[in-house]
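*Asks:* I grabbed these lines from TrEMBL:
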- GLU133, ASP173, LEU175, ASP176, ASP299: Mg(2+) binding site (BINDING)
Amino acid sequence: MAPMGIRLSPLGMAVFCLLGLGVLYHLYSGFLAGRFAFFMLSEPAAGEPEAPHGSAPGGAVDLRELLAVSVLAAVRGGEEVKRVREGNVLNAKAKGKTREGAEEQLTTGDLLSNRRMFYLLKGAFPAVQINSEERVDTADQETVSWDHSIPEDIKQKIQPKEVPAESVTVWIDPLDATQEYTEDLRQYVTTMVCVAVNGKPVIGVIHKPFSSYTAWAMVDGGSNVKARSSYNEKTPRIIVSRSHAGKVEQVARQTFGNKTVIIPAGGAGYKVLALLDVPEKNQEEADVYIHVTYIKKWDICAGNAVLRALGGHMTTLTGEEISYTGSDGNEGGLIASINMNHKALIEKLPDLEKTSHK
């Protein structure tokens, strides 16, 4: 007698397949979900840079380390500035006009210094926003590494201090006083780095490439520079831009007296150093720094930070603090002083503010 066969109906086959799929789903769903989550967490979104090893997006930044890198960046940029000037390969060209109609110059020194400074800072602190005077060409990217060493003078004076990376903005001026640079007036030229936290300048570095002098300071930290001890509030020496000397002189003499000394100079960095005790034979000395027109924040942020760290002041002509967030320009002119009655100085300058928005 032949064995009886077992035949499944179509409905039975469907039930059997569904049961099998259910078993496979329970076995592999946890595994696949875990792999998907890992993929989503580990892969950066399109257009976003990958987070470096050992750090996370939105992490903390040590200001002492950032100061060390800022000093190194200013020096490295200064090396490019000096090399181009001494090789007389400036390739100067006009990049536009100021609000006053003056031609703004751009040289190879500006571009090479900017590239060196930007990529050094960005490589060390990729999560930090960096604003620079010159445009960064991503096609000309340069790898500039930092060995994480901190100079001894910074170690001795500055304690580690962490702040959220998203609160930090770095302002770079790769070549301050470009016009004077093209005229070979080397004493005015500086490279500068400033670190602002929540819009307030806290770290300032001003480097003079042609004498290798570097001034740095950190608010509530320390500095390698001091304020001068002798000032004359009654007949101060006022340092101003070379192009603005005539505009300021008449009002300044009416305000402070006919004995007031007007010092025309190039570069915002140089003018701030004039207020300090700087061991430089080509550095002039002044009591007050005044600028009566629009000025870019990368020109003044480093000097502002240095003055704040030493107890000085840099404000608009009406006494408002300058915020280093948002736009890159300061509309209100500026007045800077140290170890003087800053409020009294502002009260003496009502007429200068009228020209600051031109």
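Any Cβ shown, glycine's included, is placed from N, Cα and C.
TrEMBL annotations: computationally assigned, not manually curated.
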*Asks:* In sequence order, which residues at least six apart in the same chain have a CB under 8 Å from the CB of ASP299 (Mg(2+) binding site)?
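*Replies:* Counting only residues 6 or more apart in sequence, the Cβ neighbours of ASP299 (Mg(2+) binding site) under 8 Å are GLU133, ASP173, ASP176, ALA268, GLY269.
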*Asks:* What's the number of neighbouring CB atoms sitting within 10 A of the CB on LEU175 (Mg(2+) binding site)?
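*Replies:* For LEU175 (Mg(2+) binding site), the 10 Å Cβ neighbour count is 30.
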*Asks:* Give me the sequence-ordered set of same-chain residues, not including GLU133, ASP173, LEU175, ASP176, ASP299, with a C-beta within 8 angstroms of the centroid of the Mg(2+) site's C-beta atoms.
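*Replies:* What remains near the Cβ centre is ILE172, PRO174, ALA177, THR178, THR190, THR191, MET192, GLY267, ALA268, GLY269, LYS296, TRP298.
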*Asks:* Report the member of GLU133, ASP173, ASP176 (the binding-site residues) whose C-beta atom has the most other C-beta atoms within 10 angstroms.
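*Replies:* When each Cβ's neighbours within 10 Å are tallied, ASP173 leads.
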